[in-house]
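Undergrad: As listed in TrEMBL for this protein:
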type	residues	note
TRANSMEM	B:12-33	transmembrane segment
TRANSMEM	B:53-75	transmembrane segment
TRANSMEM	B:87-104	transmembrane segment
TRANSMEM	B:110-128	transmembrane segment
TRANSMEM	B:140-160	transmembrane segment
TRANSMEM	B:199-220	transmembrane segment
TRANSMEM	B:241-264	transmembrane segment
TRANSMEM	B:302-323	transmembrane segment
TRANSMEM	B:329-348	transmembrane segment
Amino acid sequence: MSVMHKILGGAAALALSAGTLVAEPAMIFDLGGKFDKSFNESAFAGAQRWAEETGGTFREIELQSEAQREQALRRFAEAGSNPIVMTGFAFGNVLAEVAPDYPDTKFAIIDMVVDQPNVRSVVFNEHEGSYLVGMMAAMASKSNTVGFIGGMDIPLIRKFACGYAQGVMAANADATVVANMTGTTPAAWNDPVKGSELTKAQISQGADVVYAAAGGTGVGVLQTAADEGILSIGVDSNQNYLHPGKVLTSMMKRVDNAVYQAMTDGPDMETGFNVMGIANGGIGYAMDENNASLVSADMQKMVDDAAAKISSGELMVHDYMSDDSCPALSF
Amino acid sequence: MEKMPAWADAVLVPIISLLLAAILSALVIVAIGEDPVAAVKLMVQGSLGSTYGWGYTLYYATNFMFTGLAVAVAFHARMFNIGGEGQAMLGGLGVAVVCLYMPWPHWSLALIFATLSAAAFGAAWAFLPAYLQAKRGSHIVITTIMFNFIAAALLNYLLVNVMRPKGSMDPATAKFPETTHLPTLHDILEPFGIAFSKAAPANVSLIVAIIACVAVYFLIWRTRLGYEIRAFGHSESGAKYAGISPVKITVVAMLISGGLAGMMAINNVMGEGERLIMNSTEGAGFIGIAVALMGRSHPFGVFLAAILFGFLYQGGAELALWTSIPRELIVVIQALVILFTGALDNMVRMPLEKLFLMFRKGDA
């Protein structure tokens, strides 16, 4: 009996290891496309890094239509791709339906929580990073007025704005935050002209530092801020290099790390709720040679202190999405 | 006298157009260093080689049947309805209102009322352009295309501000209740012992679309109204002389057209999405124009052309999944087929007509 067990166990182990050998990860990019200079591109960079380091290959698709969401998930799952990584909250509903049909496949979704046993939901504490850059904005401002330009008006972006406003208030209680959203549709993620107009409007209201959390729209915000001689703050990836000496810092959301981690973990990926914050390096602010002259030692010390306090749990930044309200800013 | 026999008109022209499109597409694929034969195999295998592939092909085809019929009916009255997209969006709104705000005991009842509501919303959206055309002479092409933008803006407003569930980030309505979910082809064919893929979105609205094809045939060729529509389309002054009211025919034909476009929503909104999202139509309203052109505005032609375009869509998705052909190029391939079968129809037709005339002279 025990011999039989061993043989069967051995065969099973062999089958399992054979399975791991053929399973290659898959990456699904949202409708924005993988070269959006922001969110999807960051995910692509993570997948690329994994492929270079391990010599592995991954399947990928850029979606063309809404109906393809479910189709791509099912096709990759049926073809044995494991794990399947996808970017964007829009996958939430679809994944919740598809995941139970493929219990042996692991899924990773970024920016959304899907409560299924085989899904890793990666969400970022954007409010923490926004808090830090908010502090820097308040300290760098001479007019005591700072601006925020969001992309599409969704709770996630309000979460950015709310964290930012709290940071501003923490550094300078007298400061004013001017907040605008670019629009209410997905087109707001890619409207640099509107971003530029909003920046000019905020400058006329006295803002001398603007934070853009608006995907491709942010390119217009950063450009106008540089042209008009005020400071700007980038988002998601390090955008300091876009206008050296004009971008105060960037709020870094390490989507690439999340994708890289999911692919590295492979089919044995641990599932569940995965929060990327300051404490585990998923969120941070960018320092490099392009903004070194803009950030004083004082400023950096204060921000690093705050970051340490947030990591240790001593300082709690209010999350807009926890109760749909913000103590520091009204929308 | 006809310039060429009916079979050549209905079969030969589309086939030659398709071949030309295929050759050009193959050249494009070769140019980016991929194997065109493998690509075609992948497309055929992925869209027709399994019940799963058929499920997607027929799902897309259902959309195109509705919008193709919509354009075809307007064509018979010599009107170019480019507003199928907007009318289908409004149809989606009609479906969402019925499914979300009314309790339904069974999907069949929900389907009947959702279909009516979708058709009513779509027709309502076509009414104003039709009225303006009939009474004021505002060109229907201009007004319907402008109404597409108004429809998108209206839907946008409603989804963001009114119908979006609280706390949700997606500009979309809540999921429709369980009792309004339509049976898929898997559910329909199972009792007959046919195992159809469970994952594919093709659903009972395919049958509604086929019924619509038959109904449009009877409407156009077997009813007085259909006769009036065709007479009006052939000659407005002739129709007037025969006592047909141009205002009435323009408005009625456009209402039917808009209603058909709106009915598409039972497939994509009620059948597939089971909630209303922004851009749920995904250009099907425009594909309808190509489908109607290729199908020569005949319901059976529309039926076949819709399946062809369904194949192109699903085949394109397979290419995107399994090859490194970028998605922009897949759009190019789809566009080539539309270009050849729709816009460049006369390029094939005229030489063919000349050829047939030559042969006929030879006979005589």
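A Cβ is built for glycine as well, from the same backbone N, Cα and C atoms used for every other residue.
Automatic prediction, not curation, is the source of TrEMBL annotations.
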Undergrad: State the non-local partners of the transmembrane segment (B:241-264) in its own chain: residues 6+ outside its ends, Cβ under 8 Å from one of its Cβ atoms.
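TA: Answer is 62-63, 66-67, 69-71, 73-74, 76-77, 79, 81, 83-85, 87-88, 90-91, 94, 115, 118-127, 129-131, 133-135, 140, 208, 212, 216, 219, 225, 228-229, 231-232, 281, 284-285, 288.
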Undergrad: Ranking B:87-104, B:140-160, B:302-323, B:329-348 by Cβ pairs under 8 Å to the transmembrane segment (B:12-33), which is first?
TA: B:329-348
Undergrad: So if I exclude everything within five residues of the ends of the transmembrane segment (B:87-104), which remaining residues of that chain have a CB under 8 angstroms from its CBs? That is, six or more out.
TA: 66-67, 70, 110, 113-114, 117-126, 147-148, 151-152, 154-155, 158, 163, 173-174, 176-177, 179-180, 257-258, 261-266, 268-270, 275-276, 280-281, 284-285
